[in-house]
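In TrEMBL this protein carries:
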- B:6-107: domain 'Pseudouridine synthase I TruA alpha/beta' (DOMAIN)
- B:Asp55: active site, nucleophile (ACT_SITE)
- B:Tyr113: substrate binding site (BINDING)
- B:146-248: domain 'Pseudouridine synthase I TruA alpha/beta' (DOMAIN)
Number of protein chains: 2
Amino acid sequence: MPRYRALIAYDGTDFLGWQVQPGRRTVQGELEKAVNRMAKDPDPALKVHGSGRTDAGVHALGQVAHFDLPFAIPEEGVRKGLSTMLPYDIEIKQIQRVDDDFHAQYSAHTKTYRYRLTNREFRDPFRRNYTGYWPRRLDVAAMQMAIGDYLGEHDWQSFAAAGYQAKTTVRTVTRANLEQVSEDELIFEFTGTGFLYNQIRIMVGVLLEIGMGSRSVHDIPRLLAAKDRQQARLTAPASGLYLKSVDY
Amino acid sequence: MPRYRALIAYDGTDFLGWQVQPGRRTVQGELEKAVNRMAKDPDPALKVHGSGRTDAGVHALGQVAHFDLPFAIPEEGVRKGLSTMLPYDIEIKQIQRVDDDFHAQYSAHTKTYRYRLTNREFRDPFRRNYTGYWPRRLDVAAMQMAIGDYLGEHDWQSFAAAGYQAKTTVRTVTRANLEQVSEDELIFEFTGTGFLYNQIRIMVGVLLEIGMGSRSVHDIPRLLAAKDRQQARLTAPASGLYLKSVDY
């Protein structure tokens, strides 16, 4: 069966995350409905495989997924057909025909996440669903000094959500950057060979504690060495997190 | 009773407009609840008066309203108190104590509206609630040439929503501007001494027809002279409209 790779953006606000769940509105669920309608409801039902899950409220600028169709359709036809059938909070940015051995999850090399944070006294109505919100004053220079300690290969056990199960918690972060993009907004970006469940939001939470002075600017190496989830206290809100891109 | 003037922003997406309606979620309704809680539910209930209504889905960057409190509270206390009680899609940007003769509606001199339009093949998930969406190719230069014909004092009967009743339909537009702010976004701005119900959205609709070539670039003076609502066909979507500021 011909295989297609899709580059997808979505506003996660009104989704219960990426993964199909019976009776819940999810991104994968909406995509599978559209792909099956395009293929005229074949039996068995066609599946859409993403590069990985995103949580409820988490957004994507460049999620990647693949699916097979029972017959070949030109790329532009697939893109327009799906775009017409999908709800307005999902966008198909690109469709490419790919080889049978391409797999959105297993072929992925690195992923880049962005985290947008609003730092002001009260929420901005227009950013409430698109940024995390933090009312306390932050020492951005201290956070920028600390963020480099995330770089490299580490065991991220201290940064995994409680109850998280994985064969290994060793991952490599190749880029970690924090920029103040306006008077009241910060943007964090992290690139790596994969991230544990909630890892980015916990990494941001630790930086917020450093920015408030409730954690030392040199604490990250100690925290990594501790391999203990109890040590990292804050998980930054889902609304600020974006899967920016997946590289193959 | 001490009078306060509030500068307010709101995301109109989840409101059935500004005006109080029993059993519906409206901006005025949420504000009146908060003001009455702040005044410890006095009898009779306190009212909040806006500079004018906005429709369901229409946003505000700088709506102005006034209300009276049964006792004086410092401006900062009113701002913080209301901000803490209001839902996240309403923001109190400023509170000022004003004289008894200030009235948000009757003292208003001019109003400025902004209209954001996304012009691309399919909707952008992140702008679906914050811009109007238009998939057809537009001749922006022609629209920019035509927009100047809105300037000045005119009878706007052709631009009033069907069934609209007003003492007079004569209004003056003092500024009309259209800018292409990115490859796929246009921003219109209009300042005037008041606008009829739906007037801005119909003005934008006429410019869209001019941009598509389905209406002549010189058609606006004829349309104004016709004084006939049937002549203007399109009303641009509410999601792109913002009350930007009110001048006193």
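Cβ from N, Cα, C; glycine included.
As a whole-number mean, the pLDDT of the domain 'Pseudouridine synthase I TruA alpha/beta' (B:6-107) in this prediction is 96.
For the pair B:Asp55 (active site, nucleophile) and B:Tyr113 (substrate binding site), the Cα-Cα distance reads 13 Å. The Cβ neighbour count for B:Tyr113 (substrate binding site), using a 10 Å radius and every protein chain shown, is 24. Following the DSSP three-state reduction, the secondary structure of B:Asp55 (active site, nucleophile) is coil. Counting every protein chain shown, 17 other Cβ atoms lie within 10 Å of the Cβ of the residue listed as 'active site, nucleophile'.
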